[in-house]
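Down below is the structure, laid out as structure tokens.
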Amino acid sequence: MNVFVLDLVLVLGLSLVLTVCVARSPYQAVLQHSRIRGRQQGPNVCAMQQIKGSDKKYFTNCKQWYHRKICSKPTVITYECCPGYERIPGEKGCPAALPLVNIYNTLSVVGASTTQMYSDRAKLRDEIEGPGSFTFFAPSNEAWAALPTEILDALVSNVNIELLNALHYHMVNRRLTSEELRHGSSFASMYQDFHVHIHHYSNGVVTVNCARLIKPDQHATNGIVHVVDRVITAISNNVQTLIDVDEDLETLRTAIAAAGLTAMLEEEGQYTIFAPTNEAFEKIPKETLNRILGDPVALRDLLNYHILNQMQCAESIVSGTPMETLQGTVLEVGCDGDQMTLNGNAIVTKKDQLGTNGVIHYINELLIPDSAKTLLELADGSSVATATRLFVEAGLRAHLTGSEALTMLAPLNDAFKGSVAMTPEMRKLMTNHLLKEQLSSKSLYHGQELETLGGAKLRVLVYRNNLCIENACIAAHDKTGRYASMFTVDKVLTPPMGTIMDVLKGDDRFSILVGAVQTAGMTELLNQQGALTFFAPTNDAFTALSRTELNRLMGNPQELAGVLRFHLGEGMLVSGGVGSHTRVHPLEGKKLELGVRNYTIYVNKVPVAEADLMATNGVVHGINSIIKPLCESPASGAHPVHLCSSDDLFQKVIRSRSSRTMSQGQ
């Protein structure tokens with residue numbers, strides 16, 4: 001019974017600990033990490049990371065600790081007393097708790113002596129020295145110094161009203177610890193009940209009206225002080241009103257109205273708007289801008305791509321983070337020193353213009369999502385510049401800029417060898433790189449047939465490691481435009497032009513093989529419908545045999561058929577579908593084992609000289625050696641370690657064929 005009670009107590013105790021850990025706020029979690037990192041320096045020491053060349057310091061989380069970077073800038077580690085503690089001369093760490101004094105006196109010991117001075121001038125001292133329970137978001141000394149001179153002069157010149165009002169706006173008439181400063185919450189300030197807006201981010205950053213709390217939880221006898229990195233101002237307008245009154249956002253205001261988004265930006269919410277200035281719109285080619293402004297669907301996508309359904313103050317960003325937009329795709333929101341970045345570009349010109357339902361960051365470049373682009377715009381500036389040029393030179397520009405439902409198969413620049421000139425054949429080939437419908441690669445399935453603008457029929461081939469259309473395999477994520485999509489592929493497409501037999505007859509390198517196929521009575525097999533992979537021996541492969549071997553092979557149609565059928569695999573395997581230890585079942589014999597080494601495909605250790613000669617009933621891969629079966633090691637019994645001899649080649653194939661025939665006869 002006692003054991004049971006003890007176990008129960010342990011379980012309940014563990015549950016309580018876990019509950020406390022789970023309930024801990026992000027800031028408290030980061031503070032705890034800083035305490036752990038600083039404990040070797042003594043009790044109550046916190047490790048801080050300071051950005052080199054600046055005064056900005058952060059309690060360190062695990063990621064920042066190991067990367068030693070914040071906002072792409074290197075940091076140095078400093079060790080300071082954790083909130084609420086101080087050093088004692090001659091003793092290690094910070095063993096002493098700060099003496100608990102009133103808010104006024106606390107200001108002087110937490111780096112907010114300027115706020116203390118202005119509290120004196122504004123006759124606020126008696127209030128924050130006297131009885132009560134207040135929360136004071138106190139601007140640091142540096143925050144006051146950073147305030148524009150004209151604003152500071154206006155406040156100080158009217159200390160009894162303006163300065164007092166400004167300080168009261170930094171105060172809440174109740175005690176609020178960092179635990180109670182929950183994300184998205186707001187509290188009535190002591191200035192006409194105007195609210196201050198709190199955001200408590202998952203990386204441990206806490207902001208009030210987008211000012212970062214740099215020294216939270218400084219306790220006092222009559223409340224609590226949180227030191228912040230800027231002077232905050234009262235907000236009463238929503239983000240739409242802020243846009244309405246700013247001449248720099250006139251074009252944006254017109255676009256929002258045309259897209260029907262005005263009402264949304266007037267409602268309650270937690271929006272982040274990356275607001276393109278008039279200058280940003282002027283940088284876009286007029287033809288492109290007019291097309292988007294005249295298309296309600298594209299315009300709405302464009303604007304929604306600039307809006308997050310979460311409020312991200314600039315101070316909350318310490319590293320690049322993908323964030324979902326209202327348009328449905330993501331923006332990489334990051335920072336580089338003091339610069340806020342979007343998709344890696346420092347295009348934010350003004351930060352943290354706060355409204356009651358969100359925050360606005362001004363940008364000087366328009367962000368156009370793929371969903372608002374034409375095919376030509378999707379391809380612009382990407383790794384398919386050569387293909388784009390060829391599409392235009394082939395007279396296909398109208399298809400690339402219009403409203404047809406198409407899918408472009410755009411080969412990478414590296415897929416084109418040497419200089420590429422426009423010829424009638426190339427023009428036809430580029431037409432066959434445009435499919436007659438808008439597709440998603442996720443909807444493609446094995447054996448699917450796709451029709452091109454050029455009238456060719458292309459097959460979809462699904463492999464474990466790749467998704468291919470004929471010989472060209474998809475090399476990047478789809479780009480889905482307003483009407484059309486772009487698949488980036490790794491090779492120039494080779495549409496099938498005939499059967500396997502037609503491919504062999506059309507290539508002088510296979511003249512001996514064509515005769516061998518006819519001698520073996522396999523012409524019909526290579527002409528009929530189906531899906532075969534032919535590792536086709538070139539003339540060089542046959543002439544590499546000794547005269548005796550060649551004469552013997554060509555003089556025995558049955559043996560010849562067995563050898564050729566050993567080179568024919570069941571199913572259709574293009575080079576893009578070959579991975580390590582890919583196996584193909586031949587029509588005769590046990591197996592063909594394929595692999596890739598240094599970008600060369602090997603079949604039973606024979607290199608493929610030319611891959612992916614596409615046929616309507618399969619694919620041909622040219623090889624310069626006759627393939628031999630893989631013989632099994634007597635020791636392992638199953639793992640092939642060497643190739644059979646030439647005699648083994650013919651005899652093993654014949655024996656395999658004979659045994660198969662007998663088995664079928666039984």
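Cβ atoms are placed via backbone N, Cα and C, with glycine included.
Here's what TrEMBL has on this protein:
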- 1-23: signal peptide (SIGNAL)
- 42-96: domain 'EMI' (DOMAIN)
- 97-232: domain 'FAS1' (DOMAIN)
- 236-367: domain 'FAS1' (DOMAIN)
- 371-493: domain 'FAS1' (DOMAIN)
- 497-627: domain 'FAS1' (DOMAIN)
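Each residue of the domain 'FAS1' (236-367) gets a DSSP state, and the totals for helix, strand and coil are 49 helix, 39 strand, 44 coil. With DSSP states grouped into helix (H, G, I), strand (E, B) and coil, the domain 'FAS1' (371-493) comes out at 35 helix, 30 strand, 58 coil.
For the domain 'FAS1' (497-627), residue counts in helix, strand and coil come to 49 helix, 39 strand, 43 coil, using DSSP.
Residue counts for the domain 'EMI' (42-96) under DSSP, helix first, then strand, then coil, are 6 helix, 24 strand, 25 coil. Within the domain 'FAS1' (97-232), the DSSP-based counts of helix, strand and coil residues read 50 helix, 38 strand, 48 coil.
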